[in-house]
């Protein structure tokens, strides 16, 4: 039984050495084949194929930094309109009704799911109240008065 394991072990070692030798030959062979391949390329030209010609680069100038950021446009775009700064301390008046504050969104139970219910009709004018929201440049939260 021990002789069987020794024979098996020797076969594995011999196979490994053959494998390493073949790899070494392949690596050395590829090195020499590259030199021969260069000689063949010089002798045979382009192997019967016509080489692919790349198209010439566009004749337009290279893009500027601004064109890279914004992208090139065939027509010149007008400059963007100036933005107005918000007025600090501006008062905004919002009119709401009390029943809108109490509404809760509930998912539909059945039937059409794409139907959105309209808000309830407003109550008479005397029950409405005004909310005034003031804002400032400070980091304090917005204040609301009823």
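Any Cβ shown, glycine's included, is placed from N, Cα and C.
Of the candidates 80, 86, 98, Swiss-Prot records 4-hydroxyproline for 80; the remaining residues carry no such annotation there, which does not rule it out for them. Of 51, 124, the one with 4-hydroxyproline in Swiss-Prot is 51, while the others lack that note in the record, though it may still apply to them. From 78, 119, the position flagged in Swiss-Prot as 4-hydroxyproline is 119. Of 79, 107, the one with 4-hydroxyproline in Swiss-Prot is 79, while the others lack that note in the record, though it may still apply to them.
In the three-state DSSP reading, residue 79 (O-linked glycosylation site) counts as coil. Closest by Cα distance to residue 56 (O-linked glycosylation site), from the recorded positions 80, 82, 121, 122, is 80.
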